[in-house]
Each structure stands twice: as structure tokens, then as C-alpha cells.
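Database features, via TrEMBL:
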DOMAIN    31-454  domain 'Ammonium transporter AmtB-like'
TRANSMEM  31-55  transmembrane segment
TRANSMEM  67-88  transmembrane segment
TRANSMEM  140-161  transmembrane segment
TRANSMEM  173-193  transmembrane segment
TRANSMEM  205-223  transmembrane segment
TRANSMEM  235-255  transmembrane segment
TRANSMEM  261-285  transmembrane segment
TRANSMEM  297-316  transmembrane segment
TRANSMEM  322-343  transmembrane segment
TRANSMEM  355-377  transmembrane segment
TRANSMEM  410-432  transmembrane segment
Amino acid sequence: MHVASASPPQPGPYMPDLPAVPEWLNKGDNAWQLVAATFVGIQSMPGLVVIYGSIVKKKWAVNSAFMALYAYASTLIVWVLVGFRMAFGDRLLPFWAKAGPAMTQDFLVRRAVFPATAHYSSDGVLQTARTEPFYAEASLVLFEFEFAAITLVLLAGSLLGRMNIKAWMAFTPLWLLFSYTVGAFSLWGGGFLYQWGVIDYSGGYVIHLSSGVAGFTAAYWVGPRLKSDRDRFSPNNILLMIAGGGLLWLGWAGFNGGAPYAPNITASIAVLNTNVSAATSLLTWTCLDVIFFGKPSVIGAVQGMMTGLVCITPGAGLVHTWSAMLMGMFAGSVPWFTMMILHKKSTFLMKVDDTLAVFHTHAVAGILGGVLTGLLATPELCALDSPVPGMRGVFYGSGIGQLGKQLGGALFVVVWNLVVTSAILVCIGLFIPLRMSDDQLMIGDDAVHGEEAYALWGDGEKFDITRPETTRTGGAAGPREDTMEQRLTNMGARGVTIQL
């Protein structure tokens, strides 16, 4: 009997050996990493862009949002040119990798790898193989770019309302190359802090401590806002600020959920802990506002949310959920104390004009999270994610040594950012003024960009603060003086309150 042979499979999306699906590619891992990268990107664009544009005075809305927008775009170009491989490439120094482009087909379509992350024992025996996620290098380049970009965007929060935009344009690529890449390689890419066993699960030190310290340092060198702006800097749109805060909160699922480089158990624990810590910190901050000031502050609630997110980041996938709640309580109280009490008692802290208190919400919260992770990290969860065998927190048997490592890692990040940020700004200041002129500071967006955030009256007609309170107009009945209120009424702005 003749048996017909099976026909060959037709080309289609479910063939086992598609050219675009090599045997090492896990489609689920790749999909999640791209989604996580997008979540982190949404935190910057539009999350922080919206927050910055709404939490400042109206006259600085455009400039503040643009500083974040520019930092995001410029970081991507520098990242693919040389930055990625300086942070995650082959080891050059204990704290730096070899520079090189991440732009060619041969590099981007191969399997992702962290070449310097293999961990050896003191006698040279391999204990942990290097990290090799199950997707292409292109996915890793994109994911790590989003972390680099948000670090610079967070740093900008310290400088809103007075930094010369041209100086900012020069600062962003230099800081990325000489500061961020060092912290990223040292703690994540296989550098000396990674090999030593400092725990920074998803950026408490690499991102938040560095942006807080660098932002505070930059604020010192750039100088303060005008006194009138420092005395009264009310948000121009609190509801929009809350919306931006919501994007930041939900985007943190990609921030901490993407850190294991796979949608595994660690990612699940991390996302749950992230939300628990943020909610606990927000409630703690709000309760302290009510107890000490008699009313809850919406701006304070957003700050509490942020400190909770920052504090859990160094240990999100490595601690119990009850520990995440405990970390949220500390995150809502310790930065609250440093910002509301200690800051106002310190002459030096009052002198440095950190516009959005990035030092308190990111540097203080970042160190706090790193220390608490050194106490609370469990051996079981560390075994799932950490490169150094036997890693655990002090409360689970590591001894005081792990706490010392956490403090040592924080000290390195603080000192490096203090020195490098200062050096970069001093050099830029030799060629470009770091601070806007007083005339520009008086006017704001219109002077800097020729644009304003809101057209509140007329058909795009702008309000000129340099005009006198009354203007003399003529007519058949002879000259008369129009008051400011009459001028605004004639432009269709009756009843509108102008906030400069």
C-alpha cells in the first residue's frame, strides 16, 4: 500500500527554527524586558516631565519640562555611542569598563551578556557564571538606557528654576560618561563593589543616591533661584502633578520588576514589595503632616510615595513583604524628618537651593534603603538573584560585615559624585555661565525659550510684566489711564489670577 509522505511545513510564525528566533532566545523573557524598559521610559517620558512642568511656578513650567526632555534624548545618543559598554562591557578598571559603540548588527543581535560578572572565590574557583539573559543585546541596551536617562532626569530636579539651559546641555553627556557609568559598572556590571558583595538590587545607589548627591552638589555650584522664587514657588497644577506621580508609581513595576532580567519569581516579589513600600511611605508621610502641621499635604503625599519607591529599590526582590512595609515606614519618616526638621535647622542645607529636595527624597532614601536591605535581605531570595553565594542580611546571619559593605558602597558613590560633578561644572563654568541672568530669572520661560506654558487670555497674547501698572490710551474724549485690571479685562481675562 502506498503511503503519501507528509508535506513539508509551510513558512509561518510558529516554525521551530525561524531566523529571527535563535535557540537561546526566550520570547517571554524578551517580551517582558521590552515592556519593562517601556515602563521605566514612561516614568521619565511623560512621568517626570509632567511632574516637573506642574510642580513649579507657571513661569518655569516649560523650562523645567524641557530640561527633563533634553536629558532623556541626549542620554540615548551618548548611550549607544559609548556609554552602554562603559557601564556593562569588558572590564577596563575595577570601576569602569571599556568604551565602545552599541550600534552594529553583529553586536546587537547576539545573545545579551554581562562579560565582567563572573564571580570567583578567593582561590580562583568559579562560583557564579557570568550573567547571560535569554534575549538579544539590543533589548538589554534599551533597558539599561532607560535607567541611565531617569538618573539624569531626577538630577535635574535639584536645578529647576535657574540653571542656564546651555550649561545643562553640556552637563548631561559629561555626567553620564564620567559619573553614571562608573556607578553602574561598579555595582551592576561586574566591578569591584559587585564582586565585593554590595547589594543594590535595582538602583538605590546607582540611580537614587547618585542623582541625589550629584543634584545637591550641582545646586551648590549653580547657585540659588531668585529670592522671590525661593520664598514662593507654588505648583501651577497640583492635579497634573498627581497624574505624573501616578505614572512614576506604576512605572516602577518595570523599574524593579525588570531588574532580574527575566519575568521570574524574583520579579513577582519585587513588584509586590515596591507597591507595598510606596503605599506605606505615602501614608506615613501624610500622617506626620497631619500630626505636626494639622493638615495633609498633597505635595507631601507625592514626596512620601517617591521616598517609599526609592527606599525599597535596593532590596525589592530580596526581602519579605512585611520587611517592605517596615522599609516604607522608615521611608516615610526619616526623609520627612531630614526635610521638614533637620533641613530648616542647618545653615548649609538652607544655603544650597535644591529645588525639589532631591537630596532628601533620593539620596537620603537611597542610603536608607541600602542599609535596611543589608539588614533584612533573606538568604533564600538572595540565592535566586545575587551573584555572591551565601549573601544575606545581618538579621539572617551575615554578621555586621554586610552592613559595612552597604555603607562602604554608599561612601564610594557619594564621594565619586561629589568630586566628579564638581569638576564637570567648574570646567563648564569656564566657558558657559551656569546660572541664568537675573533678567531671565525675573521673566522665566518667555525669556529663555520664547514660549509659555499657558495662554490665559486673548489669542495667545502674552502678559508683559515689564509694563507699568497703568497705561495711557487716547480717544475722542482725550487721554485716559487704564488700570491693570482693565487691561486684562480687555484681553478677555476677567477674574483670572495670574501667578508669575
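Indices start at 1 and increase along the chain as displayed.
Heads up, the Cβ atoms here are built off N, Cα and C, so glycines get one too.
Just so you know, TrEMBL annotations are computer predictions that nobody has curated.
Quick caveat, the model's predicted, so the values are computed rather than measured.
For the transmembrane segment (140-161), the residues of the chain that approach it from at least six positions outside its boundaries are 33-34, 36-37, 40-41, 43-44, 48-49, 52, 56-57, 60, 63-64, 67-68, 71-72, 75-76, 79-80, 83-84, 87-88, 102, 108, 112, 133, 168, 172, 175-176, 180, 184, 203, 206-208, 210-212, 214-216, 218-219, 222, 225, 229, 233, 254-255, 258, 261, 354-356, 358-359, 362, 441, judged by C-beta separation under 8 angstroms. Three or more CB pairs closer than 8 A are found between the transmembrane segment (205-223) and the transmembrane segment (355-377), so contact between the two stretches is assigned (pairs 6 or more residues apart). Within the same chain, residues 51, 55, 199-205, 207-208, 235, 238, 241-242, 245, 248-249, 252, 255-256, 259, 269-271, 273-274, 276-286, 289, 323-324, 327-328, 330-332, 335-336, 339, 357, 360-362, 364-366, 368-370, 372-373, 376-377 sit at least 6 positions outside the transmembrane segment (297-316) and bring their C-beta atoms closer than 8 Å to a C-beta of that stretch. Over the domain 'Ammonium transporter AmtB-like' (31-454), the average per-residue pLDDT in this prediction is 95. Between the transmembrane segment (261-285) and the listed ranges 31-55, 235-255, 322-343, 355-377, 410-432, the one holding the most Cβ pairs under 8 Å is 322-343. Against the transmembrane segment (235-255), stretch 31-55 has more CB pairs under 8 A than any other of 31-55, 173-193, 322-343, 355-377, 410-432.
Using a Cβ-Cβ cut-off under 8 Å and counting only residues 6 or more beyond its ends in the same chain, the transmembrane segment (173-193) has close neighbours at 74-75, 78-79, 82-83, 86-89, 91, 94-97, 114-118, 130, 144, 147-148, 151-152, 155, 200, 205-206, 210, 214, 408-409, 412-413, 416-417, 420-421, 424, 428. Residues 52, 55-56, 154-155, 157-161, 199-201, 204-205, 207-209, 211-213, 215-216, 219, 225, 233, 303, 306-307, 310-315, 318-320, 323, 326-327, 330-331, 334-335, 338-339, 343, 391-396, 398, 402-403, 405-407, 409-410, 414 of the same chain lie 6+ residues outside the transmembrane segment (355-377) yet bring a C-beta within less than 8 angstroms of a C-beta in it.
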